[in-house]
Amino acid sequence: QAAVELPGRVQKHRSVVPFPLQMREQMSGHKASCLQAVAEETRILLSIAVPSLVRLALVQMADRTTIAFVGAYDDTPEHLAGCVLGKMYFNITGVSVGIGLSIGMSTFAAQNFGRGTNHWNGLVLRQCRRVFMGAFAFSFAMAALSRPLLGALGQPTEVLLPCQLFSLISAIGLPALWMSSAMQCVIISQGSAVPGMVADGVASLTNLALSYVLLRGGTGFLGLAWATAASYWISLLLTMLYVVATGRQATVWRLPEEPTTEGEVSLGLFLRTSLPSAMCMWIEWWAAEVMAIIAGWLPGGTYSVGGHGLLFNTAAIFYMAFVANSIAASTRIGNLVGAKQAERIPVCIATGSALVIGLSVLISSLLFVEGPTILGFYTQERGILSEAIGANAGMVLTIAPYSLMMFFLGVLRGGNLQMWGAAAMFASFYFFGIPMSAYLGLERGFGLLGVWFGNALGMGLSALAITAKLCCVDWSQQVIRANVQEGGNGKLAEGLEEPLLAAEAALATVGKDLVAGGQGGRGAATRGGS
């Protein structure tokens, strides 16, 4: 091999010509910059995700542990099955309605924080409150009509009245739950996830303690409904106390002292932003209700409904890890969009994806090995427990696709792309997942296990569709669109839209002309030299 002569020395027997020192320094600096960016994104995502995970885990564990109190102090199988069905029905037709709409607050507030316009949040929250009024009317009506609706869908007759009573009592706490969620979205978007953790943590412990006292005192399963409603109001009270104590009223709920169009959010704009995000939650949660209905059609009847309820409530605890990652993704991507830092968004997505994949492997392994033990914590009723344990593998298979689906949904919400997520989820669950659940469970004889196999399929297809969308997003373009739509939130934004897009197009044209001119100049010089 030929020697490579460098100034002052000769290197022999090297197969690769060494980079010049300046290029090496540039590559080393680029590598260090990338690692620094990954480390920073990891820190920011975890600073949001970890407190959110603790908050959600406390809520879910208290919510699910109280079911064990029903099994221990109300030994009527119909009451336990009705309570489990009622909790799922209430979560889907009540909790998810307002919580889903409140997610729209996160998109607005996160982008406001990124662009330094936190004082606009009160205008957004005003529209959110108006939407909650109509949502509560719907949810209360659904609670009142749960008995005839579920009866028409073929659910066991003996569980219908307990389900209805549980839903009606729990609905008393819905306004508090929704407002607390909306305000916590604003606070989290400003980089403070711990206050929500404390407020909901205390409320969850109150729910746990009050449920135990009431059930042991002989109230039966309805004691759980009263404790649940009370805990929602406690969460709202603690959240409001935090805002007042820290002087954040101006950046959470206070309206501008003087009328202004700057930052104004119309009801239509709020709905266009919030409804797709809410639809993602509704599609997922209502698919779970359809799964419960299919479980009620299985030969096991009441036992299948109860077993499915145990699996759903167990999975929901662990799903919260990925909901927390979704919150972190939505917040961070929204901050970056508001700050117009498009170059950092792919780094954030890659970093978050690695985190959720690792977490899903750990949780899947735990549920596969210890799932039967965890399910046995709820009840010792053999029929219900046997159904749940037999379908444990189906629950495990949902973990990995759910983890990616939720994280990528958070990315879409932060970047104002949530409509794609809603469309992908609807098609995946209702055209593929649910039909497969019915086919495997009812036609092929897989029972409850087949129902959960179909659920895993719906989640997996949703994750694949959203991944495909994210691979095609030009974030520099999307940042401009999002800031045009949300940045001014009114006439100013409408006036800026055409100039911004026109300027961008002009810059692109100039760049192409310069490149073409440079190539033409080089060609002419070459011809002249020839």
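Heads up, the Cβ atoms here are built off N, Cα and C, so glycines get one too.
Please treat TrEMBL annotations as automatic predictions, because they have not gone through curation.
Here's what TrEMBL has on this protein:
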type: TRANSMEM; residues: 88-110; note: transmembrane segment
type: TRANSMEM; residues: 131-153; note: transmembrane segment
type: TRANSMEM; residues: 159-180; note: transmembrane segment
type: TRANSMEM; residues: 221-245; note: transmembrane segment
type: TRANSMEM; residues: 279-298; note: transmembrane segment
type: TRANSMEM; residues: 310-333; note: transmembrane segment
type: TRANSMEM; residues: 345-369; note: transmembrane segment
type: TRANSMEM; residues: 389-412; note: transmembrane segment
type: TRANSMEM; residues: 419-440; note: transmembrane segment
type: TRANSMEM; residues: 446-468; note: transmembrane segment
* the transmembrane segment (131-153) versus listed stretches 88-110, 345-369, 419-440: most Cβ pairs under 8 Å -> 88-110
* the transmembrane segment (419-440) touching the transmembrane segment (310-333) per 3+ Cβ pairs under 8 Å rule -> no
* Asked: What parts of the chain pack near the transmembrane segment (345-369), using Cβ distances under 8 Å and only residues at least 6 beyond its ends?
  -> 34, 37-38, 41-42, 45-46, 49, 314-315, 318, 321-322, 325, 328-329, 332-333, 336-337, 392-393, 395-396, 399-400, 402-404, 406-407, 411, 415, 470, 475, 479
* What else in the chain is close to the transmembrane segment (88-110), if you only count residues 6 or more beyond its ends and a Cβ gap under 8 Å? -> 118, 120-121, 124-125, 128, 131-132, 135-136, 138-139, 142-143, 146, 150, 163, 166-167, 170-171, 174, 177-178, 181-182, 185-186, 188-190, 265, 270, 273-275, 277-282, 285-286, 288-289, 292, 309, 312, 327, 330-335, 337-338, 413-414, 416, 418, 486, 489
